[in-house]
Amino acid sequence: CVLCLDEWSKEDCLTLLERIRSLLPDGDGMKYKTTESHFDWEKVCFGSFTGDMCRQKWQKVSSEVRKYRTMTELIVDATEFVKNPYKGKKLKTHPDFPKKPLTPYFRFFMEKRAKYAKIHPEMSNLDLTKILSKKYKELPDKKKQKYITEFQREKEEFEKNMARFKEDHPELIEERKKSDLPEKPKTPQQLWYNHEKKAYMKLHPEVSQKELKEALRRQWSQLSDKRRLKWISKALELQKDYEGSMRAYHEAHPDVNSDDHVRSVLTKAERQLKDKFDGRPTKPPPNGYSLYCAELMVNMKDVPSTERMVLCSKQWKMMTQKEKDMFQKRCEQVGSNALTSYQESLCCHFLLTDVCVSSEEEAERGREAEPEPWVPATLPKERRDGKKTAKLPETPKTAEEMWQHSVIGDYLAKYRSDRRKAQAGMEAAWKSMEKKEKIPWIKKAAEDQKRYERELLEMRTPPAGQSQRKPKFDGEPKKPPVSGYQMFSQELLTNGELNHFSLKERMVEIGKRWHKLSQTQKDKYKKMVEEQQGEYKAELEAWVKSLSPQDRAVYKEFSTSVSHYYYYC
């Protein structure tokens, strides 16, 4: 096959054409160039062939095919048209096709239009429509009911006639092939809309689709957080089911491209609301520039959203390097506080699991998979991944990457937060930089490479006894809480006060109560923790001294292997 030279075999070419055919829209009637321009070639790719390679191959193959039609070919289509002139889009022009009933509003409009046109001959059709629309809305329910009743009666008759038409003309009804591809999950707003739509239309049968959408959109925007959370949780459950169905689908259809990433069903605001409800900390700003913009925008509510980033960028450029460094330090502090908050909530979660294992059913609910929250990169990898399996150390950064990280704030300000342009600008600046300017970053990159190799070596040679369980030592002092928040959590979890809550709700309730405490009360818990820690260290030291040399060696070995864990709890 001349067309299937290079790395494309004949079978590959046929597979390509079949994949293109499977992605064509139902009832495709557009020019081939139009369809081709709208094609998503990433969905066509297969094997080692990328979307771009598939597109280029298709263009090469299609260039060898005739694009015009002969009279012989037109005769075939013309014959089919004469036999079935009402098939497809012309179905509604069939003489037996039942007529759709007019809506209640249109009945009123058709009844009154001539009268109002006679009274106001100077008015255009648009003005008449506006007046009659207003008049209909002002009608009392009793008078509206006349039009609604007529509409409902004719609607029932239309549905019966439509069923009869389908029976009499089965050849005209095109049954769409149902795809076995799982249906994509709906957003919380879409789920709520589908739930509320029927009830709203029952109360307002004359409403148009546009008015219905607008009315429900307003209702959704005014929905309380508590009610909104119900639909957020439902959407996440359905997304989880969809991902499971897609895994099964890809196993059954290994030739189908499985690289398509399912976009989250939640908006940024909905994700933040869910995280807040679950007691997760807010993701801190990535750099000083982002922190500056976030603080500045609080006082810019009256400024149009399109102009806010422009103003932020201008203000940032006017600042001195010292002021920019101050924001960078504050950003690092915010990140540190977020890390502490995350550690506390994480500790509370582990403590909660230990205390509440008595209820197996509840514990199972608590272990249900959740969408991944923001997790600080500084936590150990096994804690971030939620697995005990060893993970590779963080990949070492290049000199260019380290330099880019230090100047990203300035470039984002320069390019008005356009990350793509900022990235291109940094790459161009690095290429034009003199070698002596690059040397400090090259040294830092070399140190990071050494760090990576050292951690990799440590990972390959784990400490002795790491895979074993820590033995119980008689008389070992019990480790006290390491923070005021953990002590406060222990109190509430052990006194039975929160037993009527589910696992997840207990964590949320503890977080709420802790935030309501005054600083004096929090300091009281902090002081109690410090006292208990002091007592614990003294008791532990005395107890370790009382051990035999052999037991002491074993204890120290296991203590070293778990010390990293206790640091984070």
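Every residue gets a Cβ built from N, Cα and C, even glycine.
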From 36-63, 148-175, 316-343, the residue range that TrEMBL assigns the feature coiled coil: 148-175
Tally of DSSP helical, extended and coil residues in the DNA-binding region (98-166): 56 helix, 0 strand, 13 coil
Three-state composition of the domain 'HMG box' (393-460), taking helix and strand from DSSP: 56 helix, 0 strand, 12 coil
Three-state composition of the DNA-binding region (478-544), taking helix and strand from DSSP: 51 helix, 0 strand, 16 coil
